[in-house]
Amino acid sequence: MLSTGIGRLRAAGMLEGLSFIILLFVAMPLKYGLGMDMAVTIVGAAHGGLFILYMLAVLFVWIQRRWPVPRAMIAAVVSVIPFGPFVFDRSLRKEEELGTAPGNAIGL
């Protein structure tokens, strides 16, 4: 999975998506429900780093695979939607398996 740009993007997306879910559904309730501010500080910092890693992976794949701009924009936007990277991963998996560029058999 990590041997291709798409594979690295998929891994970064899974990590970033998981950190976002933990931030929203674990750290924020701990902060606002129990007053544990440190939960958001720690998870938020980890999520921020993983977000940057994901965006760099999107940029790399956009250049490497010559993705159309709308495809790269979708890849970027899904990262700010809860569960978005997990949904987008399905099309990345198809693209990786087929070895095709977007628009060839899988669309956007």
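Backbone N, Cα and C atoms are what each Cβ position is placed from, and that goes for glycine too.
What TrEMBL says about a protein is an automatic prediction, not a curated fact.
Because the structure is a prediction, the values reported are computed rather than measured.
Residues or ranges marked as domain 'DUF3817' by TrEMBL: 7-94. Summarising the annotation, TrEMBL assigns transmembrane segment to 12-32, 38-62, 69-88.
Same-chain residues lying 6+ beyond the ends of the transmembrane segment (12-32) with a Cβ under 8 Å from its Cβ atoms: 39-40, 42-44, 46-47, 50-51, 53-54, 56-57, 78-79, 82-86, 88-89, 92. Counting residues of the domain 'DUF3817' (7-94) by DSSP class, helix then strand then coil, yields 80 helix, 0 strand, 8 coil.
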